Every structure is written in structure tokens, then in C-alpha cells.
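Record features (TrEMBL):
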ACT_SITE  Cys278  active site, nucleophile
BINDING   10-15, Asp35, Arg40, 91-95, 132-133, Glu166, 278-281, Arg348  NAD(+) binding site
BINDING   162-166, 222-226, Arg262, 269-275, 340-341, Arg444  substrate binding site
DOMAIN    334-449  domain 'UDP-glucose/GDP-mannose dehydrogenase C-terminal'
Amino acid sequence: MKVKNICCIGAGYVGGPTMAIIAQKSPEINVTVVDINEKRIAAWNDPDVEKIPIYEPGLAEVVAEARGRNLFFSTDVDAAIDAADMIFISVNTPTKTYGMGKGMAADLKYIELCARQIARVAKNDKIIVEKSTLPVRTAEALKRILDNTGNGVNFQILSNPEFLAEGTAVTDLHKPDRVLIGGDLDTEAGREAIQALVDVYGHWVSDDNILTTNVWSSELSKLTANAFLAQRVSSINAMSELCEVTEADVQEVAKAIGMDSRIGPKFLKASVGFGGSCFQKDILNLVYIAKSFGLNEVADYWEQVILMNDHQKRRFAAKIVKTLFNTVSGKKIALLGWAFKKDTNDTRESAAIYVADYLLNEQAEIVVYDPKVTKEQILADLDYLGTRSEEENRKLITVVNSAQEACKAAHAVAVMTEWDAFKTLDWEAIYEGMLKPAFLFDGRRLLDKEALTALGFEFYAIGS
Ligand code: NAD
Ligand code: UDX
């Protein structure tokens, strides 16, 4: 079967970029991305392609090439479902904030709503693709909902988790390490559905990089990959604390161990803590699943990755307070960067949010500059924590348009996101404008310690 019409439900960080690349590489397939969020769809359709709602290097160019040709963004979910032979579900699956599994399990209500909507609308056979990250065995629940339509429609369910990282989404999608497709390998119809999706990726990904498995392995591989990646960050961050008390340097340690080909050099960068919408959510979900099968040791093992990460964020904030003579009350502290990593405007679970919250509890005045994050987003992130009133957040937080402005008359500066531009700031001028002693905290190992110390900064970097 050759796919002609694709619908993707969810025009977010995954649905938008993934579908843009599929459309770019497969001109004969019509791709319609739908969302209930009207503002988001309007932004995807903005005539000025630089105003699409997600900032990713290279994405605007891809959208400019395909949009209106075979890539469409719409709020008419029913129409897109009806027209599609293949439907990707790429809606959010956040950690539950209520009820059973609160704070741990993935909230699957958006997934279920999609399944019920597809069941209601579909009039002909369709392939449903799980693109969202889901607990292992979710396909079983989807199948039960879809098989009860009464319309005599047949559905094949595939799992096709997405491994792109934000900030490098376009290159990750153009050259994926692997594409993983899980499906029903035991039936002819299942194998045909898998082949149909293999053919879509086959437009630009070689066969060697497309891996097919059963559905459950595919679902679980996604949670496993994120757990392993996050575990590396927590492991090196644990070592960063030990380095600080032993005069070892975490960057040297990372290099030394990374040259062991069994360990490898990637994902060993000590930091103020990992953020992003995936790592914490997916590990908590893994912990929940393990617990629900009674596998308490497995659950405890992975939970430690999160506990270490929380500790790292707190420890960094506490270091600022301790260094500033045990009080930051009424002191101005500049945070450079708010996004959870460079080259994205995404702030979900960003370490900066938690460091700011800690410092605000210590009555600091916080000034933030991030090249891609809006003031509204920064305030919304803090309001969401519910630590203090919205009025108080607005009184204590200022958001400015340049790093220079943020650091003016500050007691301390903390680098929270590794934006390249922070490396080449006029640090001499920043030093001149700050109160003395001028404290600089590098939460990303971004800056040149020797050069900045020579300028006069009191310099602290994670892990040395
Ligand atoms: P997102 O919040 O950016 O986007 C999800 C979109 O789905 C939202 O715009 C929302 O309005 C829409 N939506 C929700 N319910 C809907 C419905 N019933 N009908 C139509 N639209 C609906 O989320 P995201 O970051 O794109 O993540 C989506 C999934 O992909 C999650 O499961 C996530 O774990 C996974 N994932 C994310 C990343 C990443 O880097 N962000 C990477 C890999 C996997
Ligand atoms: C992650 C996975 O990498 C990706 O495969 C998956 O599809 C979604 O989740 P993402 O969260 O977008 O991607 O970014 P990633 O590059 O993994 O970084 C996550 C966090 O870890 C960031 O806050 C980053 O700064 C931090 N990190 C990463 C480190 O602190 N040190 C490292 O060495 C690597």
C-alpha cells in the first residue's frame, strides 16, 4: 500500500518538524498537521515563515519549501482524519497532575481523545502511528478503543517513537541514527502497515537505518533511550560535585572516560541539571510502570537519576547564596539563558526555572535575558510553580533584551543556558558594570575560566 494522505494530530515540537521533513522529502504525499490550538496553527500558517511557533535552526526554510505545496496546517481535525490513510498521533503526554499516578504516570487523556475522535470519524481503513512517547502497551488500549467503532473499519497500530532532540531537530530528522517502527509482525496486514511506513521514511532514510520490531519493544525502547541518556547526565553531574571537593576537573574526567570506546564521548557534559519536556517525564513514567509491575528495585534504580538532577539544580542555586556571603536578599542576580538548552525557545523543565525559584525564595531580585524566550513565557513558567503570587513574581523578576543590560549593576551573573553568543559577550564591559566583588557562576562550563578570572571575576564553574 502506498500512503497518499498523512494526517498528524498535534502541531507541537515533534509533530511540526517531523511532518515538515516528511512533506519536504515526499512531494507526492499530502501532509496535514492539525491541532486544537488555534493560535498555534495560525502561527504555523503565518505568511512570515520566521514567525512559525517553534524555533529550530533550519526549520523555517523547510516549512517555506513545503507549506502550501504538500504541507498544510489546520484546525479541522475531523476533515484531516477522514482524508488520511495514515494518522500520526503526536499529542502531548505530560506527567499526570491529579489522581492515580499523580506526579509520575503519563497522562494519556489526550491520546485517548484522539483515538475516540478517529474511531468516530473514520470511514475507511487506516494506519495509526504512535509518534508520542507512550508507556509500554499503550497500543493495546488504543486498539480496544478503535476496534469498537462499529463502522467495520480496520486499523493497524504502529509505534514510531521520535528520537529528535530540540535545537537539532532538522538535522536529527534528516539524518536519524535510526528510525524505529514497531508493529504486528505476525500478520500480513501488520507487515503491510509496517512496510507502508518504512516506504515513507525510505524517501530519505536508508534501509539499514530503519529498524522494525514488535510494538512493545518499540514503545519501551523510547523510554529506555531517554532513561539511558538522562542517566549519563546525572552520572557526570554526580561526579561534578565530587570534582569540586577534590580538585579534579569534571571536563578532564569526562574526556578521559569518553575516550574509552565502550563509554564514548557524547552526553558527558556536566551542567546545572538536565531539563526539557522528555527526560524527567519519561523516567517518572518508567518508574511508575516498574512499580505497577511490583519491580521496586528497578523503579528505585531509575528514580535516582531524577533525584540526582533535582539535587544538582538545588546545589547550584545554594552555591550562589553561600558564595554571596550567605544572603541574596535584595541582591540583583542576572540569569543568562532560560531555555533548557541552546538553539530552542522551549523552556519546559528548564533548570533556570528552578534556580530562579530558589533564589526568589531567598528574596533575590532576578533579571533574565534569553535570546529566544519571551517575557510572557518566563513569567508563566514561574507562575506555574505556584510558589508565590503572580504579582510577586512580576515584582521580583525583570526580563530584558540584552545580556549587557541584564548584568548591569548585578551582584552576580549565572549562565543557565549554553547559548553560543554568551561566549563572545564583552565580558570586560560586563565586569565594569557589575558590583564588586563581581561573581560569575557558569552552570554550563561555557566560559573561559582563566580569561574571566584575569578580568577580575570571582569565577565558579560546575565541576571544578
Ligand atoms: P507539544 O505540547 O509541543 O505539542 C502537542 C500538541 O498536541 C499541542 O499543540 C496540543 O494542542 C495538541 N493536542 C493535544 N490534544 C489534541 C487533540 N485531541 N487534538 C488535536 N491536537 C491536540 O508536545 P511535543 O513536545 O510535540 O511532544 C509530543 C509527544 O512527543 C510527547 O509524547 C513527547 O513525549 C514526545 N516527544 C517529544 C520530543 C521533544 O523533543 N519535544 C521528542 C521526542 C518525543
Ligand atoms: C531528548 C533526547 O535527547 C531525544 O532523543 C528525545 O527524542 C527527546 O529528549 P531534548 O530533551 O530535546 O532531547 O534535548 P537533549 O539534547 O537530550 O538535552 C536534554 C537536557 O540535558 C538539556 O537540558 C541539556 O542541556 C542536558 N544535557 C545534555 C546536559 O546537561 N549534558 C549533556 O551532556 C547532554
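Including glycine, each Cβ sits where the backbone N, Cα and C put it.
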Review point. Does Gly10 (NAD(+) binding site) have same-chain partners at least 6 apart in sequence with Cβ under 8 Å from its own Cβ, and which are they?
Key: Val33, Asp35, Phe88, Ile89, Ser90, Val91, Asn92, Lys131, Ser132
Practice item. Provide the three-state secondary structure of Thr95 (NAD(+) binding site) computed with DSSP. Key: strand
Study note, to complete from the structure: Asn226 (substrate binding site) to Gln280 (NAD(+) binding site), Cα to Cα, whole Å, comes out at 9
Point to revise | Thr95 (NAD(+) binding site) CB neighbourhood, other CB atoms within 10 A | key: 19
Revision key, fill the gap. Excluding its own, the Cβ atoms lying within 10 Å of the Cβ of Tyr13 (NAD(+) binding site) add up to 24
Practice item. Can you figure out which of Tyr13, Thr95, Glu166, Gln280 (the binding-site residues) comes closest in space to Leu223 (substrate binding site), comparing Cα atoms? Key: Gln280
Study note, to complete from the structure: For Ala165 (substrate binding site), the same-chain residues 6+ apart in sequence with C-beta under 8 angstroms from its C-beta are Asp172
**Study point:** Structural state of Asp35 (NAD(+) binding site), classified by DSSP into three states
**Key:** coil
**Study point:** Cβ atoms near Gln280 (NAD(+) binding site) (within 10 Å, other residues, all chains)
**Key:** 21
Practice item. Report the binding-site residues (Tyr13, Asn92, Leu223, Asn226, Ala270) that meet this criterion: Cβ distance to the nearest atom of ligand 1 under 6 Å. Use sequence order and write none if nothing qualifies. Key: Tyr13, Asn92
**Study point:** Residue from Thr95, Cys278, Gln280 whose C-alpha is spatially nearest that of Glu162 (substrate binding site), among the recorded positions
**Key:** Cys278
Exercise for review: Tell me whether Asn226 (substrate binding site) sits in a helix, a strand or coil according to DSSP.
Suggested key: helix
Study note, to complete from the structure: Across the domain 'UDP-glucose/GDP-mannose dehydrogenase C-terminal' (334-449), DSSP labelling yields 47 helix, 19 strand, 50 coil
Study note, to complete from the structure: Sorting the recorded positions Glu166, Leu223, Ala270, Gly273, Cys278 by sequence and keeping only those with a Cβ under 6 Å from ligand 2 gives Glu166, Cys278
Practice item. Out of the recorded positions Ala270, Gly273, Cys278, give me the one sitting nearest to Thr95 (NAD(+) binding site) by CA distance. Key: Cys278
Review point. When the Cα-Cα distance from Tyr13 (NAD(+) binding site) is computed for each of the recorded positions Ala270, Gly273, Cys278, which gives the smallest value?
Key: Cys278
